[in-house]
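K.L.:
This is the structure, below, for whatever I ask next.
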Amino acid sequence: MEELDALLEELERCTFQDSEEYSNPVSCHLDQQSTEESKIPQTPKTLSSQGNTSPLKVQLVYATNIQEPNVYSEVQEPKESVLPPKTSAAAQLDELMAHLSEMQAKVSVKADTSRKPLPDQQDHKASLDSMLGDLEQELQDLGIATVPKGYCASCQKPIAGKVIHALGQSWHPEHFVCTHCKEELGSSPFFERSGLAYCSKDYHRLFSPRCAYCAAPITDKVLTAMNKTWHPEHFFCSHCGEVFGAEGFHEKDKKPYCRKDFLAMFSPKCGGCNRPVLENYLSAMNTVWHPECFVCGDCFSSFSSGSFFELDGRPFCELHYHHRRGTLCHDCGQPITGRCISAMGHKFHPEHFVCAFCLTQLPKGIFKEQNNKTYCEKCFTKLFSQ
């Protein structure tokens, strides 16, 4: 495609500069003119042939660089250049080459001794550069003029044929490439960063955020949590593997958990039902309790007075605490909180340890037993000595 670049250079120029040896070229557009007629006078503005008073139209081929004040006559009706159809760059080049072959039979052009042989197809870029040098003189002689479509932002040369507009500039298709891998972008989607173009693969690999789970680039939706980025499908509970729903997640030791697993694994457990304590709770016996679970271990009544008794890590009301410890009075059935008397495998309040017959308090714990009852010595003798 470098041939098209050369085309643009002279398509852009309306006149060409040449060396002194081409100061008097043979024009392919002036037929039947003698050598004397080809000389350009300095004062007249038109050229006329002998025997013909009407002025001849002169086609401007190119301007020269001669230091002498010789000037070509003005072109009255310049001949339009035959432009190739704007179908494709390859079609334009083919038509141009055919036109050159036809004109070479009429125009005498000095051979270019510096012309190099074309390399093979494997070195096609070097071949195009060589063709540019070969075609430059022929294009100047033909006077082909074309309006370029712009200048390539990469090579700074005119663009003919296909053109790509991107990043606010124009490019040859073969020059609009990925900054990293140098692959042609063409009409493929690309990404811009700092004024440079990247293909999708390289852009995501170089600049896209990485998933904290799989470490792959995130090319679509990105989820940000725990100061990291994630693929939405890779942000899930560390215990059960379920993707988090609307209820969100809980974090523990830099790992995300769903609410169910977090509470089951890390929230404090109720000392009564062993389920997680979520809201209101009571703290007692170095653990937490649901209010409805903090009750007597035997009668399951709540502690309305605010006091309880602990036995074997469980709370009890006063009555059942003493019952389990065997400190209920055998006579009245009430807890014994002070002094007590132990007799017949039971405990008694001192005031309740009395004779079963006369109901007098047995002094100093001296008593007689009959049928699991206590008697004072006097009543026992009276009732059972006969």
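Glycine is no exception: its Cβ is also placed from the backbone N, Cα and C atoms.
Residues or ranges marked as compositional bias 'Polar residues' in Swiss-Prot: 22-52. Annotated domain 'LIM zinc-binding 1' per Swiss-Prot: 150-208, in sequence order, evidence recorded as sequence analysis. As annotated by Swiss-Prot, domain 'LIM zinc-binding 2' applies to 209-267. If you look up Swiss-Prot, you'll see M1 marked as N-acetylmethionine, on the strength of similarity to another entry. Residues or ranges marked as phosphoserine in Swiss-Prot: S19, S54, S81. Swiss-Prot lists 19-52 with the feature region 'Disordered'. What Swiss-Prot records for 70-82 is motif 'LD motif 2'. Marked as motif 'LD motif 3' by Swiss-Prot: 92-103.
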K.L.:
For the domain 'LIM zinc-binding 1' (150-208), would you mind checking the mean pLDDT of the predicted model?
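P.N.:
Result for the domain 'LIM zinc-binding 1' (150-208): average pLDDT 87.
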K.L.:
Within the domain 'LIM zinc-binding 1' (150-208), how many residues are helix, strand or coil going by DSSP?
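P.N.:
Per DSSP, the residues of the domain 'LIM zinc-binding 1' (150-208) fall into 8 helix, 19 strand, 32 coil.
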